[in-house]
Amino acid sequence: MVREGEEHIDEEFSLGVIGVSYRETALQQREQVLQFLQQAQLSFYPKFPQEEGRSVLLSTCHRVELYGMATEAIFSTLEKEIREMGAIPYFYRNQDCFSHLFCVVGGMDSLVLGETEIQGQVKRAYLQAIEEQKLAFALHFLFQKALKEGKVFRTKRSSPSTEITIPAFVQHELQKQKMARSASLLFMGYSEINRSVAYYLQKQGFSRITFCSRQPLSLRSMDQVLREEVCFQDPYHVIFLGSSELRHAFPRSLWEGVWDFPGRLVFDFAVPRALPVQPACRDRYIDMEQISDWLRQHQKEVFPLQLDSLREVGYRYWESLNRRLARRRYASV
């Protein structure tokens, strides 16, 4: 249930989103923008316990976005500093911020058109913001309604079906490298992307699948190794890196052994990239930049009617938010 605060939105004070995505900005710049926005987010945090926080940071494989309530001057400063990094940011305010997030959650702004993973990624970003700060009502309203309508969009409308997915790319790459179905696969981390790839490959006939995680897992027909037991000298033909925190989870000496096994492939799904050492062989290391390039080449076109319908829903909720805030201000007079 959203809780209304005392905030207001006017010509100077906007509800907005600033960010970069796969469309305009390369992986290296997205990594830099993520670090910058993580620091910039601190300026949106409440200075006193009774104040409300005014930001949500969304970071995925293909986009980095900061949603917040601030003056135009603050957003302009952020945009300028991001451009100085060589990245190309976008900024949407008020009703356009609503329509943008609704399209993002609905999978209509994704590299993999109609993907479902983004719904969970947005929800986790929202829940993390709630844990860290008492969030302003307008941001509660924006994210709760976007998550609700994203789910409705998928259940009531037929999203475009596609085999142009990250798991499909992985299978394509394994076939190109002539990787046998008997190859041993190690998934570092039980992340959503690792799970989706593992179960996809299992259906394609790969049976020697191992997950490495902090805690014991309940896995059927798959093996597990705990973090303290993993060794890259073991004969894993393919290693999948599922999250950025892996970079700091193991000593550098362990990482340096990642290329010791001849012919090994490493897929790095993380942004920022998880591998802390230079690849010994570039054609054996595949990061999200290469994956994004392949997905972009095979990308399906957006369905205009579905995109427009999501935007219209976002606009209606923007108008609803303004009515709610106006009633709140009127009641306090």
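The backbone N, Cα and C atoms fix where each Cβ goes, glycine too.
Features of the protein shown, as given by Swiss-Prot:
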BINDING   Thr60, Cys61, His62, Arg63, Ser110, Glu115, Thr116, Glu117, Gln121  substrate binding site
ACT_SITE  Cys61  active site, nucleophile
SITE      His100  site 'Important for activity'
BINDING   Gly189, Tyr190, Ser191, Glu192, Ile193, Asn194  NADP(+) binding site
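Within 8 Å of the centroid defined by the CB atoms of Gly189, Tyr190, Ser191, Glu192, Ile193, Asn194, the record's NADP(+) site, lie the Cβ atoms of Phe187, Arg195, Ser196, Gly242, Ser243, Phe269, excluding the listed residues themselves.
In the structure as shown, the Cβ atom of Ser110 (substrate binding site) sits within 10 Å of 24 other Cβ atoms. Ser191 (NADP(+) binding site) falls within neither a helix nor a strand when secondary structure is assigned with DSSP, and so counts as coil. What surrounds the substrate site, by Cβ distance within 8 Å of the Cβ centroid and not counting Thr60, Cys61, His62, Arg63, Ser110, Glu115, Thr116, Glu117, Gln121, is the set Gly107, Leu111, Val112, Ile118 from the same chain. Within 10 Å of the C-beta of His62 (substrate binding site) there are 23 other C-beta atoms, taking all protein chains into account. Cα to Cα, Ser110 (substrate binding site) and Glu192 (NADP(+) binding site) are separated by 16 Å. Neighbour density for the residue listed as 'active site, nucleophile': within 10 A of its CB lie 22 other CB atoms from the protein chains shown. Residue density at Thr60 (substrate binding site): 23 other Cβ atoms are found within 10 A of its Cβ, drawing on all protein chains shown. One residue stands out among the binding-site residues Thr116, Gln121 for having the most other Cβ atoms within 10 Å of its Cβ: Gln121.
Under a cutoff of 8 A between CB atoms, and with a sequence separation of 6+ in the same chain, the neighbours of Gly189 (NADP(+) binding site) are Cys212, Ser213, Leu241, Gly242, Ser243, Leu246.
For Thr116 (substrate binding site), the nearest neighbour among the listed recorded positions (Cys61, His100, Tyr190, Ser191, Ile193), judged by C-alpha distance, is Ile193. All protein chains included, Tyr190 (NADP(+) binding site) registers 18 other Cβ atoms within 10 Å of its own Cβ. Note: His100 (site 'Important for activity') has non-local neighbours Val17, Tyr92, Asp109, Gly314, i.e. same-chain residues 6+ apart with C-beta under 8 A of its own C-beta.
A C-beta separation below 8 Å, combined with a sequence spacing of at least six in one chain, links Ser191 (NADP(+) binding site) to Gly242, Ser243, Phe269.
Each residue contributes its Cα atom, and for Asn194 (NADP(+) binding site) and Gln121 (substrate binding site) those atoms are 14 Å apart.
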